[in-house]
Amino acid sequence: MVNVLINGYGSIGKRVADAVAKQDDMKVIGVTKTKPDFEARMAVEKGYKLFAAIPERKHLFEEAGIPVEGTLDDIIEDADIVVDGAPKKIGKANLENVYKKHGVKAILQGGEKAGDAQDSFNSLWSYDRCYGKDYIRLVSCNTTGLCRSMYAINSVADILKARIVLIRRAADPNDIKTGPVNAIVPNPVTVPSHHGPDVVSVIPQLDGKIMTSAVIVPTTLMHMHSIMVETSGTNRDEIIDALAKTPRILTLKASEGFDSTAKIIEYSRDLGRSRYDLNEIAVWEESVNVVDNEVYMMQAIHQESDVIPENVDCIRAMLEMESDNLKSIEKTNKAMGLIK
């Protein structure tokens, strides 16, 4: 049983905490918050030991009537690994100023740059490379989703060139500061977007073969990808079969009512998923087509949750708890109640 500390109990951190708590080979020894908000109070109510991420703010929790066990410095030495859930760019600062100082292994999230850590993690592609490493970046929700679909395609044919258009949600449901509300925004307006190079940080053999562009649209539910991949040779049946065999990919049919991201989220609600999380990515089966060995398909990504099981697998890899990535994936999925 390994000790996991969650530094930053926010959108990602609280989900990772719940996922880790469901595993039988790891436990959450504490979570941190920078301010005494409702998430901090709920963390305590759920039984997590709460620590102030910033020592100077400990008194704010006490004044708000939220019990804290101490500060980050009081618990970090007990951790075998820290999962950093801090906002973008803060993770790198935490790595340099906290984790390396205390000699504790750490997982950064996708908001940090590839060069900030020793490697970039995806359960299917880079588990072996990250095995036993000290500081790893777990790639973003979009990159995680693309890595899964590229894995499926690569299992039946060589990828010669990949072109992906990402239609990104404007904000998470709880975000009142981000937009747009009434616009479609190229993000970035230049091509390629950062997503292609990010995929390459996980899958080096796609260097020079992947091109991505991205726009932001006024929705909060999910991202969507329109994928076009030139291959050495395949057919639709092979791709459908590969998607079905690849972990954490669901193939859903518009003919059965899955005709929008809203319906996919409704499905997740009906599954009884906490926070309506869909840790699996969803590929529309009708969108899968192969013309002259070029694969076309569309997939949806729940931006708040597809990286969560990857964090659990990354813990096992870095702490050398399981050498077989597929066994770790299976163990994580079973504990979290994933479909596949």
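For all residues, glycine too, the Cβ spot is worked out from N, Cα and C.
Gly111 is the only one of Gly70, Gly111, Gly115, Gly233 that Swiss-Prot places in the NAD(+) site (with Ser11, Ile12, Arg169, Gln303). A helical conformation is recorded for Cys141 (D-glyceraldehyde 3-phosphate binding site) in the three-state DSSP classification. Sequence-distant neighbours of Gln303 (NAD(+) binding site) (same chain, 6+ apart, CB under 8 A from its CB) are Cys141, Asn142, Arg169, Asp172, Met222, His223. If you take the Cα of Ser140 (D-glyceraldehyde 3-phosphate binding site) and the Cα of Gly111 (NAD(+) binding site), they are about 7 angstrom apart, rounded to a whole number. Applying an 8 A CB threshold to same-chain residues 6+ apart, the list for Gly196 (D-glyceraldehyde 3-phosphate binding site) reads Ile164, Ile210, Met211, Thr212. Under the three-state DSSP scheme, Gly196 (D-glyceraldehyde 3-phosphate binding site) falls in the helix class. There are 25 other CB atoms within 10 A of the CB of Asn142 (D-glyceraldehyde 3-phosphate binding site), with all protein chains counted.
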